[in-house]
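Pulled from Swiss-Prot, these are the features on record:
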REGION    1-34  region 'Disordered'
COMPBIAS  1-12  compositional bias 'Low complexity'
MOD_RES   Lys6  N6-acetyllysine
MOD_RES   Lys13  N6-acetyllysine
COMPBIAS  13-34  compositional bias 'Basic residues'
MOD_RES   Ser15  phosphoserine
MOD_RES   Lys16  N6-acetyllysine
MOD_RES   Lys21  N6-acetyllysine
CARBOHYD  Ser113  O-linked glycosylation site
CROSSLNK  Lys121  ubiquitin cross-link
Amino acid sequence: MPEPAKSAPAPKKGSKKAVTKTQKKGDKKRRKTRKESYAIYVYKVLKQVHPDTGISSKAMGIMNSFVNDIFERIAGEASRLAHYNKRSTITSREIQTAVRLLLPGELAKHAVSEGTKAVTKYTSSK
């Protein structure tokens with residue numbers, strides 16, 4: 001039996017027709033996916049504390065993991081506290097209590113004072 005005539009070649013695996021239709025003349029086919037990171041903030045703090053010191057990409061990766069881990073722990077604890085108190089909103093009070101519960105002694109005191117300072121600065125700039 002004769003094969004049916006093909007009008008156009010089959011699209012390659014993973015390609016999408018809609019992408020080629022909406023494409024403009026100078027655009028590339030795929031954009032680089034954005035990877036969120038705390039790297040710029042870690043670098044800014046490093047330069048405030050030690051202006052003449054650099055950081056390797058491996059160390060930056062570790063710092064990024066550390067910040068993500070602490071963020072998740074504080075957010076989880078604050079969420080639990082809000083749930084216990086039958087609240088649907090996480091406020092600075094829940095965050096502060098979560099920090100006190102998660103961080104040990106002197107570190108918690110410093111974190112709370114820095115957090116309070118940051119919130120005060122933010123509310124005064126509004």
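Note that Cβ sites are derived from N, Cα and C of the backbone, with glycine treated the same way.
In this structure, the CA atom of Lys121 (ubiquitin cross-link) is 12 Å away from the CA atom of the residue listed as 'O-linked glycosylation site'. Taking all protein chains in view, 10 other C-beta atoms sit within 10 angstroms of the C-beta of Ser113 (O-linked glycosylation site).
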